[in-house]
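Q: After the structure tokens below, expect a handful of questions from me.
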């Protein structure tokens, strides 16, 4: 059975005239319409749905084709249906992809076929096509896609990858340090979080364009979720000072215990994402409303911006997850305002904005856009290093000493009783 529908931007007189075509297909001739019937770039869409006769599955194959019809043309479209063998093969491929992308649906299909007494076709369709490759080879390539693209590298791609890797590696150093500071972690932990994900994703990643590593929103969630979670045994100094009333953070007084808790949060997030990948739970993200994600992103940007004003104003501002608290803390500390940090902060901020505008306006300066933060970091480092008075007398803060060497092993410091404490933070971070 064949169904054909013809629609256009504007209605035309008459309907499509069917003609038989060689080979069992169908030719549909578009009728001549009045002058201007298809004016304005009218588009005709021709769709053919062919159901396989005698099949209890009722599988359907659709073909859509867009046609540009001139206003005074008498065009014709020829569509040939696939042979029964090719139709069956196409249906099997589509069914295979649907079942492979949703194991729960595949299992329900198997159970339904067994109850109804039909052939267990779902299990057959789950068998992926891989040519002459063995099942173990296909599974290994699906688990580690690096085995697929690594043999296809050329000298040109390797050279481009080296340039891109060096550029991103230099840029990610100050960026990851900032993300670590937002999460309440030392700068070195931010650098660890930028190094390990990219190394692991090179072997197991499915996308060549996805950026992995810490992001500002997740860093803010970690700091807000782990605030005040340490017990009195883990951080007695914080409780001795009065807890929340002291205005101090637990990561400032007990950094070691806070780092262990943050590492456990990262581990729980990883377990959640692995389980979600196995169960194909990615569709849950589609239920997040756009107003929710947009509002969260905007709110996080405002809170992060307010929390970083302390480096420009020159005095400490207590962190808070509420905007009005942050604004109040800024107003209360204006008596401690430092001019030199404010001057340097405004100068580099103006440079970054102007550099971005110039890179967008002049194509020859396009490379200056991504290099702007790197130039700012280099100039700032040279100023603080070359002029000791900036850090000694003018209250310009700097990073200071960063430990060298490889990242330590953090699993040994995990405690199972802390899983319940970090679970809400890990769940929200996993969704984001």
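Glycine too: its Cβ is placed from the backbone N, Cα and C atoms.
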Q: Look up transmembrane segment in TrEMBL and report which of 333-353, 396-416 it refers to.
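A: TrEMBL lists transmembrane segment for residues 333-353.
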Q: Can you dig out which of the ranges 238-256, 295-313 TrEMBL describes as transmembrane segment?
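A: Of the candidate stretches, TrEMBL labels 295-313 as transmembrane segment.
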Q: Considering every residue in the domain 'SLC26A/SulP transporter' (159-431), what is the mean pLDDT value?
A: 86
Q: Six or more residues beyond either end and a Cβ under 8 Å away: which residues meet both conditions relative to the transmembrane segment (365-387)?
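A: Contacts of the transmembrane segment (365-387) (Cβ under 8 Å, skipping residues fewer than 6 from its ends): 167, 170-171, 173-175, 344, 348, 351-352, 355-356, 358-359, 396, 398.
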